[in-house]
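S.K.: For reference, TrEMBL lists these features for the protein:
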| type | residues | note |
| --- | --- | --- |
| DOMAIN | 1-386 | domain 'Major facilitator superfamily (MFS) profile' |
| TRANSMEM | 17-36 | transmembrane segment |
| TRANSMEM | 87-106 | transmembrane segment |
| TRANSMEM | 112-137 | transmembrane segment |
| TRANSMEM | 144-165 | transmembrane segment |
| TRANSMEM | 177-199 | transmembrane segment |
| TRANSMEM | 220-250 | transmembrane segment |
| TRANSMEM | 262-283 | transmembrane segment |
| TRANSMEM | 295-315 | transmembrane segment |
| TRANSMEM | 335-362 | transmembrane segment |
Amino acid sequence: MAAGKQRDSRGVPPDGGWGWVIVGCCFMVTVCTRAVTRCVSIFFVEFQAHFGADYAATAWTHSLLDCSTMLCAPVGSLVGSRYSCRAAVVAGGLLASCGLLLSSFATSLEMLYFSAGILTGLGFALCYTPAIALVGCYFQRRKALAYGVAMSGSGIGTFVLAPVVQMLIELYSWRGALLVLSAFVANLCVCGALLRPIALQEDSAPRLRRMRRLLSRGEYRFLLLPDFLGLAVSFLFLASGCSLPFVYLVPYALSAGISHQHAAFLMSILGVIDIVGNITFGWLTDRRCLKPYRLACYVFSVGMEGLCCLFTPLLRSFPLLVPFAVLYGYFDGAYVALIPVVTSDVVGTTCLSSALGVVYFLHAIPYLVSPPIGGEYCGGFLLYNG
């Protein structure tokens, strides 16, 4: 214990110890934010029946929640930097829990847009970015593995929560299910209480020293780094297309004459392999031979995703779509785990929270507009192919 305190006081990432508690907390934050966001779509049928709305109107609940979480990511990083990660996550947990609690009493879709969409999304934003940034402060040698485990909460949480939420709806109706989800999300406050801050020495990378001469003590000096600007452009384009296979794989499979059961199984493959990609790619890029090339590994994983999508029009049967689901799911999990890793490698740990706020902010608008735009192209393609 004394040795651990001594390492912290010198500002060296401990690469273990309490850091694994931080990873566990970040894992739960990812479950409570990203997995719960994915599970909101399970309520769509209930919302349509209760409010007499169509699918497009109810789908805005999910879009607003996802967009608000990413759009307000800089707010989360700002609160985490100004006060502490602990304060940001506890406040976000309270806000998100209250948003879902209010949603259980909703009398209109407009109220759901505000409570389940904007209010809950703001709470998730306060939790997500600071928790992810703190993992990077506790790990250096095993950073990619730590992030792989932490980010796998999205896939594992979806895999576990989806049937549980469906069961809750059947037992207690959608209002009761939202009440239970509200209590579950309140566990973010417990996670926040366990996020112990750590003081680190400021990164002495040459590029950061050059930026400090330009922006002496600026909070967002990393915005002038060419490497970060290149990453930002890649994130912007990547966010515009990476979610579309998750949205349209089932309709595409059905249009190819594949049964509903097999189409759903493709999504299960995609989700499970996504988890494998999170953890194994993180472990691989922590190896000594690959650690200096983590940015190249990120580019490779993104390139493989694009290559998979490029060949999709040729895959019109279940045996051909299974390898697509495996490869795309694996490399999607790989790139998600590497986003905070390569961002940390470029900007350093001192600016990581602010940088991640900008990174996730860049995901907001693409997440909002790409599904309907993709739907227009997908609809035309499916109609053309009969």
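Using N, Cα and C of the backbone, Cβ positions are placed for all residues, glycine too.
A TrEMBL annotation is a machine prediction, not a hand-curated record.
Could you place these features in context, so I can see how deep they sit and what lies close by?
M.R.: Summed and averaged per residue, pLDDT over the domain 'Major facilitator superfamily (MFS) profile' (1-386) gives 83.
If you look at the transmembrane segment (17-36), the same-chain residues 6 or more away from its ends with a CB under 8 A from one of its CBs are 4, 69, 89, 93, 96, 124, 127-128, 131-132, 134-135, 138-139, 146, 149-158, 160-161, 181, 184-185, 187-188, 191-192, 194-196.
Using a Cβ-Cβ cut-off under 8 Å and counting only residues 6 or more beyond its ends in the same chain, the transmembrane segment (87-106) has close neighbours at 29, 32-33, 76, 79-80, 112, 115-116, 119-128, 130-131, 175-176, 178-179, 181-183, 185-189, 191-193, 195.
Long-range neighbours of the transmembrane segment (112-137) within the same chain, counting only residues 6 or more positions beyond its ends whose Cβ lies under 8 Å from a Cβ of the stretch, are 13, 19, 22-23, 25-26, 29-30, 32-34, 37, 40, 47, 60-61, 63-77, 79-80, 85, 88-89, 91-100, 102-103, 106, 143, 146-147, 150-151, 178, 185, 188, 191-192, 195, 197-198, 200, 340-341, 344, 349, 352-353, 356-357, 360.
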